[in-house]
Structure formats: structure tokens, C-alpha cells
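Reviewing the structure listed below.
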Amino acid sequence: MGILSITDQPPLVQAIFSRDVEEVRSLLSQKENINVLDQERRTPLHAAAYVGDVPILQLLLMSGANVNAKDTLWLTPLHRAAASRNEKVLGLLLAHSADVNARDKLWQTPLHVAAANRATKCAEALAPLLSSLNVADRSGRSALHHAVHSGHLETVNLLLNKGASLNVCDKKERQPLHWAAFLGHLEVLKLLVARGADLGCKDRKGYGLLHTAAASGQIEVVKYLLRMGAEIDEPNAFGNTALHIACYLGQDAVAIELVNAGANVNQPNDKGFTPLHVAAVSTNGALCLELLVNNGADVNYQSKEGKSPLHMAAIHGRFTRSQILIQNGSEIDCADKFGNTPLHVAARYGHELLISTLMTNGADTARRGIHDMFPLHLAVLFGFSDCCRKLLSSGQLYSIVSSLSNEHVLSAGFDINTPDNLGRTCLHAAASGGNVECLNLLLSSGADLRRRDKFGRTPLHYAAANGSYQCAVTLVTAGAGVNEADCKGCSPLHYAAASDTYRRAEPHTPSSHDAEEDEPLKESRRKEAFFCLEFLLDNGADPSLRDRQGYTAVHYAAAYGNRQNLELLLEMSFNCLEDVESTIPVSPLHLAAYNGHCEALKTLAETLVNLDVRDHKGRTALFLATERGSTECVEVLTAHGASALIKERKRKWTPLHAAAASGHTDSLHLLIDSGERADITDVMDAYGQTPLMLAIMNGHVDCVHLLLEKGSTADAADLRGRTALHRGAVTGCEDCLAALLDHDAFVLCRDFKGRTPIHLASACGHTAVLRTLLQAALSTDPLDAGVDYSGYSPMHWASYTGHEDCLELLLEHSPFSYLEGNPFTPLHCAVINNQDSTTEMLLGALGAKIVNSRDAKGRTPLHAAAFADNVSGLRMLLQHQAEVNATDHTGRTALMTAAENGQTAAVEFLLYRGKADLTVLDENKNTALHLACSKGHEKCALMILAETQDLGLINATNSALQMPLHIAARNGLASVVQALLSHGATVLAVDEEGHTPALACAPNKDVADCLALILSTMKPFPPKDAVSPFSFSLLKNCSIAAAKTVGGCGALPHGASCPYSQERPGAIGLDGCYSE
């Protein structure tokens, strides 16, 4: 918002600023637009409110000026009046219904503005009209916050008298007290405290009043707070006390006051830093550091990372502070948890003067730090030659003459070739750092240029990886081998070819926010890397050398997109064509395409004759570029004749399939426009899928439109007969579906199971898609039955999957379709899959028409619900008059179905709520009790027994003359046998094999016969013909005891699952599998 010229304003505004009432009246009589807007949407009324001329304002208001007009900042004339502190203008605006709750873009009301601008009279006029004085602006501040911020005692007092809350917090949980303390408004602070404000309040980050006052150096506020009993060592959320804050910001006067008041000079924060650490590192903390040292601060206190105050001073090279610390006993060689001493830190950040001080005071230059590095490692790694020289001059043992110059260099008192824990010497670090002066100093001091690290790399490998031309020249001139391979088989040439990737970042170079400023530096580095590669090639580096994976330098240059490096390698290599075309392990063309390096790819494409070489998976470079979505690479390859129809080996996808599946529309467009084949859009993969099908499966609408516009066949089917429309129905993409229908896709196409897209949309619950398909189907073939090859309709599928919206739509569309197709009705489908919502909808819509319907085997929905143990389904069916004792073609009721399948909940419901008949017999004369026992379902059998005392039911025999006791005994159901015996089951009844229930326990017929012979010899009872009615009655009454005797006999096994007699057709368990 700039300053506008008054001459550019409308005449009415000019007259207002001139305070010319008559001119204003004249302009208004001439029908001048009273609500005319300037560039910032301010009206003449805004101007009048700002100027504060009451007569003009009154004239404008009487002439119909908009009293609540808002400018671009949403400020109203009332805001302007409050800002100008003109209570008369404000009162006039209020009298003309100005909105007292109007908010600007910062959500500030006129009261906020009045409080911020010390407009006490305006605030007094506004306060009674507001429901609350604590309304917050966008930052959460109330009018009291603004009044305190302005430091106007009268306004603060007024707001408090009118009921403003003392402890209201902004979005950072700062109270008005925080602002009074921070800005040094002592009288305001005292007033707030006198009114009951909490001196111990903290904001969201735990800053108290003492912290805020210390931060801004408000010494008088600090003294007042200390007098009022403020906790002097109270930490904030980061563990910092007020003394930490004062030392960090260089507020030495506050620090003195705090120390004199007894602040703990050694209290650590959450990271273990004391105020002395903070003073040592801060910009303006020199006086604070001296104060702390003189008041007993521990100069050797270590943080959680082991850093002492001397470490902190070394980071920024605080020379004077370091001297003070050393003079007061700071340990010179104190190591942090990484092993770094202050000398390591000073070397890392290039503070030569501090290094001199530390060395003068006995710092150990041979001390190992991070990764077992010397300080010299760090100095040369980060390119500080002066520090390197200083460290080399320490502990002089002998003097040698440099081979490169006549300069005498003093050798260090440690072995310069000592490696770190990764085997890297100082020369490796210098080569990586790229400072040739450091490199020369080390070489002249006897550094071994052939020394290898643990990865087998020489210093030349590191120089090449960082593209350092001067270092490479120095090392090669000194005798470094240009073709030496590391553990991966890589020569320096491999790393030089990819030097932009391996180049070490420059941590001491500040990063620029402007990419244009970085570009010259990047270009300079690219040139240097190119010169480095060129130098290596000129000095015997072999471009045909392969690493252990089979990659040459050409592969590396292609993989990392260094076009100039690649061109140079191709030019210098005698067998470059063989390297480029080799696909073992992967060709350079594939590497460039995969990584999206179009410039490198273009270079290779211009060199190669065949661009359709394939990798071990059968993928071409064009396939990889398309799959990765690199449009520029696709454009390069297609322009040079790469084929879009070559298929990879696994799924037989072409680049078109890859583009469509990934949604790369631009790449797909380029592939189609290559014009390789007229039907290129209909090429199929191993499963018969076209690119159109894959685009729809993945919801890529743009690709779908493009393929259809380019002639893709909408009705093409895969090997299972499924078209793009089938896939659209499954994914539910309405836009894709609409595009297909616009291109005349056949809506009633069927797959290999006879299912149409309508079936799939119903099964997947896509209501909008289903509606569209049903409308299209009406116009295609309104008489189509709409059932698949198994006789199932879309209504069956919607019911089975529980999509009630789809079912509702289908019922509206064709209410009698439930009669079509498979007699296993939609209601059967809903209850067998526990879909309560669709069950309820079908019963509500069709009721008696469907509730007792039967499938091909005579089973009702009640049978299906019982089979699935669907109690809620059973309840709803019975509420709609389902026949509880209805039998299927085998004579079984729903209860018998539940009992046979062990569905305990269903059995319980049908017995207790449904009152199902237990005496119903199936075609083999089995009761529900027989069936429960035959499948070993103890709980179901016991439930049935708990509901009956009928001896006829308990001793009922099926067509094989077996009682429930025979079957329970055969299956080892001890608890059921006991219950049967307690209910009076006879133990002497024989089945058609002549076996009693006791003999039914035998594992097979032969064992049963043997057991019968033994028992007959033992003769525990009178012969059969001699048994009197009395003795039979006695046996019956003693059946429990008899059962216990048999059960306790170890000779008779329990739980045997094999029947002792051959199963007869139609005996127990027939049709036991309830499947459709």
C-alpha cells in the first residue's frame, strides 16, 4: 500500500481533505457519487472519518453514504475514526448504525483499533455496545492486549473497569502481562498485578514474565518481578532460565541483576547447556561470559553431547572468550561424545587464531575425534589451508623441503598417514575437500598418495568424485595411479564421470534462496568436473574399465546425466559403441532413460543405431522412460525412432501400457503420435488388456479421453471377456464411464461368467455408475433379463454385498427382477452373507412375496440365515411371518440346518424365540438332535436336550435304527451322552447292525463284534429273553451309573471319529454341505 497523491483522488475526497464544507455540499448537489471508491476501495466517508471533520461527516451521512463500507483491508469508517482518536466522529457514526462488531482482515474490531491507538474516549464509547470486551483478533489478542502493548495506562484502566479479562490469552497463550513485561511498561504491569493478574503465568513455550523481560533487557521490570518473588531459576519449555535468555541475547545488565539476586549460574537446560555455554556462543555474550566466570560458573560443565563452554566458543571462533575460559581452568582437550576436542571444532570451522591459542595452551593435535579423525583431517576436509599449516607446524620434529616448491614446511608431531576408523588419511580428506593448497602442504609433509582406505579408495578417487581438477592434477603429477580400482572395481574415472552426484556439499558456503545466484557457481563446478575428467583421460585413464557389476565410466556418466562428460567419454573411448550397446548388466541408454536425463539420452540416441535394446526383463529404454513419466526422454527416444510396440517379458506390456497404467498422458500422446501402427492403441498384453483398460483401472481420466479420441476400441475384451466398461464399473470412475459411453461402449457386454458391467457396479456399490449404466441399458436392450450364466442378477449381487443404495436403485428400476434368474433369491443372498441393511430393505419392499421363497433345493431364506448363524436375519424373517418349520427337499427345517452346521446362536434363537419343532424328521428320519450329534456339535445338542423331556424324541431312531445316543457315543461326545442318559435314553437299543450304544464306541465293526462276544461271555445281565419288565425298568433307571462305568473303562476308547459300520446311502449327514 503506497502513498497516494491527493490530486489523483475524486473531487469529493479532495474537498474532504481540504475541510471545505461548502465544496462538499456543492459536489453532492451535483450528484457526485457519494460512495465512489479509490484504488484501495476507500469511500469519501473513510476520508471524512480519518480527517475528523464532523460537519462534513454529517453531510455525507445525511446524503446516504454507506456507513459500513469496507476497503481492501476491510476497514470501515468506524475503524478509521477509532484510529484517529476522534470520539465525536465515532459517536456520529454509531448514531447512524455503524457496525460496532465489524472486523478487518486481521479480525480486529474498532475497539481493538481504539485500544492500540490510545483512544480512551473512543474505547469508552464502544465498550457498552459490545457483548464482550474479550473478543480476539486473528492472533488471539483482545483489546486489553493491544492497550497494554501501547502502554497507555488510562486505556488499560478503562478496559479493566469495563470488565475486560485480566488473564485472557492469545494464540501463543501470552497474556497482557507478557507484553507489559516485554515492552517495559512497568506502570501498566503494576496495575495489572494490582488487579489480580497472575505473576506466574507462562505462554505455550513456557516463557514466564521474567524470561520476557530478560529477553528485551527491561531491567526495571526484572527488578520489580524479583521484588515480587518471581522464581529466578524457573525454566521454560526448553529448560532455559531467564539467565540463559539474557546471556544468549547479550543483556548483560539483566544478567548482572539476576546473578546478584542469586540465579543459578550452572543450571543446565534440556540439552545440558548452562548459561555459560550460551554466553560462549552468542554474538553479544562476552560481558555475560566474564560475569558468569567471575561468579563461579563451571567452565568444564559438559552438555548432554559432551560439549564444554570452550567447545561452544570454538564453533564461532570467540577468541577473547576462549582465552577467558582457558585462563579460568577450562580443560583444553575435553572431548564431547563424538570424541571432538575444542581443537577439532576450531579446525572444522577454520578459526586459525583460536587454533593458535589452543595449541599454545597445550592442545593435543594428535587427539582422535569423530571417526577417529585428527583436527588436521577436519581442517583439510573443509578446505582451511591456514589452519592446516598451523596444525602441521605443531610439535615440529624435523624439516623437509617440498618437492613442488622450495618452501620449507615443518612436519607434524604425529604420523601424517595415520588413518581414521574408515582408513582415510588426511590426504584423503584434503582431496575430498578440494583445496589444492592443503593437498600440497600434506604432500610436502610426506603424505602417502597411494594409501587406500577401507573401501580401497586412494586420494585420487576422492578428488575425482568431487570433480576437483587442481587436486587431480596435483595427485597425478605426484605419481597417483589413474587406473587403480577400489573394492567395487571403480577407478577414479568412474567417479569423475559421475562427479556432480558424488561432489561433497560445501557446508561453509551459505545457501542462497535465489536459484539464479547459485547457477554461476554450479556452472563453474560443472566445468571444473569436466576438466578433471578430461585430464584423467589425457593421462592414461582407461574408459573401458568395468567395475564389479560390469559398468564402465560411460554407464556412470549416463546414469547421472552428465552430458558433457558422456560426450567426452564417447569421443575418447575406442570401443565406445560396444560399451553403449552392451546390456550387461544394463545399457547406458537404460540408465539415462530410467533416471530421466534427456540430454544424456539425446547424446546416446545420436550415437546408437539400435534404440530398442532390452534389459534382462525385456524392457527397452523407451519403456523405462515412459514408466517413470519422463516426457522429455520419451520425446527424445520417439524422435530417434524407438519402437513403442516392443513388449517386456513378464506381462507383455508395451510402453503404451506403462504410460496408461501410470497416467502419464503427455508420454502416451507422444507414443501414439509416433504413428508406428494404425491400431497402436489396441495392442494387448499377456492377459489381453489394452492400454485403455489399464488407464481406466487406475482412474486416469485424461489418458482415457486421449486413447478414445485416438481410436482405441471401447468394446475390446481381455482373455476373460472383460471390457474397459467392466473395469470402469469396478473402479467407480464416473468420468471414465461417461467417456466410454460417449464412444458407444456396449453396456450389456458379458464376461466369461456372463456378468455385465451392471453386475459389477452393483457388487462394488457404485450407485452413480449403476444409475448411468441402467439408463444406458434401457436404450440398448430393455428386454435383457440381466442375469449371468449362474442365473444371478445385479439385485442378487447388491443384496449379497450389502450395498443398500444400489439395491434401492435396482428395486426402483425393476421391482420384479427378484423373480428372474436363480431361485436362490436376493433375500437368500442377503441373509447368508449377514447383510442386515439389504435384508431389511428387501423385506420392507417385497415382504410376503419373498420371505418364504424357495431355491432349487427347496430352502427358504430362513434356512440360509440359520446356515450363516445370522441371528438378526432370523429375527427379521420371523417378524415378517417366515415359516419357522418349513422344510427343504430333504425334509430339514432351519433348526436342523443350524444344528447340523453347529451354529449355536441360530439354534438358541430358533429354539427359544422361534419355538421351532424338535420332532420334525428329515428324509432319513433324523431329528435336529441326530444331526447335531452326527457332526460333533456338543453345544447344539445340549441346547436341544435342555428344551425337551420327550423320551420319544430322545430315543427316536433314524432309518439306520440309530438313536442320538448311538451317534453321540460314536463321536465321543461325553457330555451329550451323559445328558442323554440322564434324560432316560435306553442303553440296550440296537441299530441295524445289532450294536448297542456301548458298542457304537468301537472304532470299527470288527472291534465292535469282538467287544460284543466278550460282553456276552461276561454275562453281566440275564439273557435277553429272560429280562423281565421289572429288570428292564431297573436297567433304565440305572443308566447313568452304567454310562459312568463304561466311560471309566480304559479298554473302550473315546472320541473315535470313524463309524464302525459302513455308511448307508441316505443315512446320517447327507447333504451336510450347505453350498450354492
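Quick reminder: no glycine exception, Cβ is built from N, Cα and C everywhere.
Computed from a predicted structure; not experimentally measured.
Under the heading repeat 'ANK 1', Swiss-Prot lists 7-36. Mapped onto DSSP helix, strand and coil, the repeat 'ANK 1' (7-36) counts 18 helix, 0 strand, 12 coil.
As annotated by Swiss-Prot, repeat 'ANK 4' applies to 106-135. With DSSP classes pooled into helix, strand and coil, the tally for the repeat 'ANK 4' (106-135) is 17 helix, 0 strand, 13 coil.
For the repeat 'ANK 5' (139-168), the DSSP counts in helix, strand and coil order read 17 helix, 0 strand, 13 coil. Here Swiss-Prot flags 139-168 as repeat 'ANK 5'.
Residues or ranges marked as repeat 'ANK 7' by Swiss-Prot: 205-234. Same-chain residues lying 6+ beyond the ends of the repeat 'ANK 7' (205-234) with a Cβ under 8 Å from its Cβ atoms: 172, 177-178, 180-184, 186, 189-190, 193, 199, 240-243, 245-246, 249, 251, 253-254, 257-258, 261-264, 267.
Feature annotation from Swiss-Prot assigns repeat 'ANK 9' to 271-301. For the repeat 'ANK 9' (271-301), same-chain residues at least 6 beyond its ends with a Cβ under 8 Å from one of its own Cβ atoms are 238-241, 243-244, 246-252, 255-256, 259, 265, 307-310, 312-313, 315-316, 318, 320-321, 324-325, 328-331, 334.
According to Swiss-Prot, the feature repeat 'ANK 11' maps to 338-367. Predicted-model confidence for the repeat 'ANK 11' (338-367) is 95, expressed as mean pLDDT.
What Swiss-Prot lists as repeat 'ANK 12' is 371-400. Packing against the repeat 'ANK 12' (371-400) from elsewhere in the chain are residues 339, 341, 343-344, 346-352, 355-356, 359, 365, 408-414, 416, 418-422, 424, 426, 429-430, 432-435, 437-439, 441-442, 444-446, 507-508: each is 6 or more residues past its ends and has a CB under 8 Å from a CB in it.
The repeat 'ANK 13' annotation in Swiss-Prot covers 422-451.
Residue counts for the repeat 'ANK 14' (455-484) by DSSP state, with H, G and I taken as helix and E and B as strand, are 16 helix, 0 strand, 14 coil. Annotation source Swiss-Prot lists repeat 'ANK 14' at 455-484.
Annotation source Swiss-Prot lists region 'Disordered' at 502-522.
Annotation comment: Swiss-Prot describes 502-514 as compositional bias 'Basic and acidic residues'.
Per DSSP, the secondary structure of the repeat 'ANK 19' (651-680) breaks down as 18 helix, 0 strand, 12 coil. What Swiss-Prot lists as repeat 'ANK 19' is 651-680.
Sequence annotations record features per position, and here Swiss-Prot assigns repeat 'ANK 22' to 753-782.
For 822-852, the entry in Swiss-Prot reads repeat 'ANK 24'.
Summarising the annotation, Swiss-Prot assigns phosphoserine to Ser1028 (among others) and lists a large-scale study or a structure entry as the type of evidence.
The phosphoserine annotation in Swiss-Prot covers Ser1075 (among others).
Proximity of distant same-chain residues to the repeat 'ANK 14' (455-484), defined by a Cβ-Cβ separation under 8 Å and at least 6 residues beyond the stretch ends, is recorded for 403-404, 422-423, 425, 427-428, 430-432, 434-436, 439-440, 443, 449, 490-493, 495-496, 498-500, 502-504, 525-526, 528-529, 531-533, 535-536, 539-542, 545. Same-chain neighbours of the repeat 'ANK 19' (651-680): 620, 622-623, 625-627, 629-631, 634-635, 638, 643-645, 686-687, 689, 691-692, 694-695, 697-700, 702-703, 706-707, 710-711, counting only residues six or more beyond its ends whose CB sits under 8 Å from a CB of the stretch.
Only residues 6 or more beyond the boundaries of the repeat 'ANK 22' (753-782), in the same chain, are considered here, and those with a CB under 8 A from a CB of the stretch are 723, 725-726, 728-730, 732-734, 737-738, 741, 746-747, 788-790, 792-795, 797-798, 800-801, 803, 805-807, 809-810, 813. Outside the repeat 'ANK 5' (139-168), and at least 6 residues removed from its termini, the chain residues within Cβ reach (under 8 Å) are 106, 109, 111-112, 114-120, 123-124, 127-128, 133, 174-177, 179-180, 183, 185, 187-188, 191-192, 195-198, 201. DSSP states for the repeat 'ANK 7' (205-234), grouped as helix (H, G, I), strand (E, B) and coil, give 16 helix, 0 strand, 14 coil. Through the fold, the repeat 'ANK 11' (338-367) approaches residues 305-306, 308, 310-311, 313-319, 322-323, 326, 332, 373-376, 378-379, 382, 384, 386-387, 390-391, 394-395, 412-414, 508 of its own chain, all at least 6 residues removed from its boundaries and within a Cβ separation under 8 Å.
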